[in-house]
Amino acid sequence: MKLLMLCREPRLYSCQRLKEAAENSGHQMDILDPNRCLLKLSENSPHFELIYQATMEHEPSRLLNYDAVIPRFGSQSTKMGCAVLRHFEAQNIPCLNSATAFLQARDKWQSLQMLMAQGIAIPHSLLAGPEFQAPSTMQYVQSPTILKTLSGAQGIGVILAEKRQSAVSILETLKQADVSVLAQEFIEEANGADLRCFVIGERVVASMQRISQNGEFRANFHRGGLAEKVSLSEAEKTMAVKATKALGLDVAGVDLIRAKRGTLVLEVNASPGLEMIEKTSGIDIALQMIVHLEKKYQALQNVTKTIELRSHK
């Protein structure tokens with residue numbers, strides 16, 4: 001297959017591993033920055049065109065004939081990245097996470113609503129409108145409080161407010177900056193640890209426990225967190241797969257936290273990093289992603305052939 005990966009930083013570990021796994025499996029892979037793409041729609045054939053400008057100095061070139069797409073763009077490229085994904089989806093080219101699913105996962109409040117609608121346990125959470133006063137908001141959540149911007153990854157945009165007044169001040173400041181924030185209960189008994197489950201299709205293929213360090217409450221790799229192998233219960237594996245399905249994702253990093261009342265889903269990541277979890281688990285996740293994409297491509301080919309056969313009868 002000729003594969004396309006949408007990624008702004010091709011030198012990142014995850015992108016390099018996926019390219020390596022694809023090429024070792026006999027595929028060709030291009031890596032393109034979605035922000036350097038021009039999408040063209042035309043009544044004339046071809047109806048969907050992708051034109052790419054590698055640098056400011058390069059002449060734009062038309063790109064054709066990709067068989068499947070892997071999205072790996074960050075939160076700052078979500079809008080254009082999803083527009084490129086839809087361009088391929090409209091041509092029945094399989095994508096390893098659809099644009100719709102990507103957008104749902106990237107909106108933290110919407111994803112929590114969708115998880116709750118499927119009966120999946122999450123921390124108590126609040127989202128107040130811009131005219132709802134911050135002191136009144138804090139009447140409905142206990143301190144300490146976690147405050148999260150509605151988008152962001154790698155622990156960025158997540159704040160721990162130890163006291164009620166601190167939370168009020170932060171909410172008021174962010175409101176002035178026109179930044180929407182959700183408030184969430186702090187799971188103190190987790191002691192700065194959470195679980196990352198890497199889901200592909202209907203299986204948890206790898207997992208790890210992340211542990212915060214040096215007084216930092218966030219356990220993310222990019223915040224200095226450490227990782228260790230962990231055994232998940234069958235209920236936790238089922239929860240991770242159910243959360244992935246709830247958002248319509250093929251591939252996801254599902255973050256769980258063990259609370260006194262049971263395990264909860266913190267959030268679902270549509271473009272989870274590979275480095276920390278591959279090195280901790282010893283599992284070749286990149287290869288499993290390529291294998292899953294091969295199966296998705298073949299399934300779509302079979303459906304297309306069936307439709308063509310029926311149309312000729």
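Just so it is clear, glycine is given a Cβ too, placed from its N, Cα and C backbone atoms.
Annotation source Swiss-Prot lists ATP binding site at K148, E185, F186, D194, R218, A219, N220. DSSP assigns K148 (ATP binding site) to a strand.
Taken residue by residue with DSSP, D255 (Mg(2+) 1 binding site) is part of a strand. Taken from Swiss-Prot, the feature Mg(2+) 1 binding site covers D255, E267.
Among the features that Swiss-Prot reports, Mn(2+) 1 binding site is placed at D255, E267. When other Cβ atoms within 10 Å of the Cβ of D255 (Mg(2+) 1 binding site) are tallied across all protein chains shown, the result is 21.
The 10 Å shell around the Cβ of N269 (Mn(2+) 2 binding site) contains 20 further Cβ atoms across the protein chains shown. Feature annotation from Swiss-Prot assigns Mn(2+) 2 binding site to E267, N269; the stated evidence is sequence analysis.
Annotation comment: Swiss-Prot describes 112-294 as domain 'ATP-grasp', evidence class sequence analysis.
Neighbour density at the Cβ, taken as the number of other Cβ atoms within 10 Å, is lowest among the binding-site residues E185, D194, E267 for E185. Annotation note: E267 (Mg(2+) 1 binding site) sits in a strand segment as assigned by DSSP. Annotated pair N269 (Mn(2+) 2 binding site) and E185 (ATP binding site), C-alpha to C-alpha distance, rounded: 20 Å.
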